[in-house]
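As structure tokens, the structure follows; a few thoughts come after it.
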Amino acid sequence: MDVLITVVLVIVVALIFDFTNGFHDTANAMATSVATGALKPRTAVIISAVLNLAGAFLSTEVAQTVSGGIIKEGDGGVQITPTLIFAGLIGAVLWNLTTWYFGLPSSSTHALFGGLIGAAIIGVGFGAVDWAVVMSKIVIPALVSPFVAGLVALLATVVAYRITRMARSNGSESGFRHGQTISASLVSFAHGTNDAQKTMGVITLTLIAGGYQQSGTGPQFWVILACGFAIALGTYLGGWRIMRTVGKRITDVQTPQGFAAETSSAATILISSHLGFALSTTQVTSGAVVGAGLGRRLASVHWGIVGRIGLAWIVTLPAAALVGGLSAWLAVTSTLGLIIVAVAALVVGGGLVLLARRNPVNRHNVNDEQDEQSEDRTPVASGAGRES
Amino acid sequence: MIDWGAFLLVALAALIAASVVVSSYSFGLRLLALGGRAPVVGPAEFTDAITIISPAEAKAIAKRAKKAAKKNPLTDAQKRAALVGAYACFTISALAVLYGIYLIVPYFHR
């Protein structure tokens, strides 16, 4: 009975995580398109949602381990129980909601890994985590990818402006809009093929661990369906708060810049995942937007905002790990502890959603900037502190 | 342990791919304008790349495009060459997009 409760809870929280993943990452592909007016906000999220769903169905290769080798799972390694996965997911979801509340683009994947690392440390000990893999798979790519994408976008922006004579060449504005729509769609599609898979993997491995599915089999159809729809629904509802940050507040994106940024992101993401190490979509697109801002003469990049985003990236892993660890500490004690964690997470998550309601950002005001001042004064560090 | 070569490879490949796509697309736009077929979008507040415009708007846009074409100093043959060049550029970009889709869908690799 206990196993069943845990498995059900994991599936529910995994789907919630998948939802926040889509919700969080709409901004990656669509923020610049919405900001430049290449797509109406609603059209943008519909395209993104459909492509995420399509991507989820087209790519269902599930990794052999939940964490991709970060935690020493499997034969001869440690036993990652469904309870620990549950705790890790709680950490990831709460961190995603916190960064969403502050409108900061942060990697959902890092939040997931952070939560799992925290849960594994509490449940098994420091030895459970392969720190070399953490370094090579998370820390270094996180440091490198924004610079790579930024550099590519910088060059692409300069090229786009040069060739079209500072975009004054006849028809270049609307031409770039069309181009941007296509490259942004490609980013969305790539996101769907990558991110929905992670949740599918988590659920499948939980089902296997709980004895409800045979080891070595792929995800069941209902799992693919549920994950695809969860991420698509999240994408459709859209993280407008994050979109405003990426599209308007880092730098005021113009159509040639938007085209250059999205094309660079698409190229970087596609090439890196083809070579076997997928870079974080969030970090690539944020870096590309900064690069596009630097590439246009007279454009200013708001380094304060960039700094806050960078800070959020640094904090993501430890913060999610802390929440995941705390959840694991309580959840492993008994079924009651597990339920207490679930209820507490619901209260904190619901509280963040209610707080966000007081100052809503939606498709009608996503491109406004007037209330920027009041939001700017909220220090991000206090948010992180409150959460953990 | 840390594969710096892979990062360098990604950076270079992305740089080349993005430059090729962006410059071919931009050249395409430039040549399209030279060929007298510049895409002109009405100056609506929130112009959408895939909005369907009304007949009246389409007429106004066609008129503007005609006016712009009149100012064009090129001969008809030159314009035709520019258009061919423009479509060639767009084809390169389109092929790049198709290749991108090919890369991310695992089904194609089996």
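Positions of Cβ are set from backbone N, Cα and C atoms, glycine also.
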Self-check item: Among ranges A:26-44, A:45-63, whichever one TrEMBL labels transmembrane segment
Solution: A:45-63
Self-check item: Residues of the parent chain within Cβ reach of the transmembrane segment (A:84-104), under 8 Å, 6 or more residues beyond its termini
Solution: 6, 9-10, 13-14, 16-17, 20-21, 23-24, 66, 111-112, 114-120, 122-124, 202, 205-206, 209, 239, 241-242, 244-245, 249, 308-309, 312, 316, 319-328, 331-332, 338, 341-342, 345, 348-349, 352-353, 355-356, 361, 375, 378, 380, 383-384, 387
Quiz item: Looking only at residues six or more beyond either end of the transmembrane segment (A:110-133), which have a C-beta under 8 A from one in the stretch?
Solution: 17, 66-72, 77-81, 83-85, 87-92, 95-96, 142, 198, 202, 280, 313, 316-329, 332
Quiz prompt | Residues of the parent chain within Cβ reach of the transmembrane segment (A:221-240), under 8 Å, 6 or more residues beyond its termini | solution = 15-16, 18-27, 30, 41, 45-46, 48-50, 52-53, 56-57, 60, 100, 188, 192, 195-197, 199-200, 203-204, 207, 361-363, 365-366
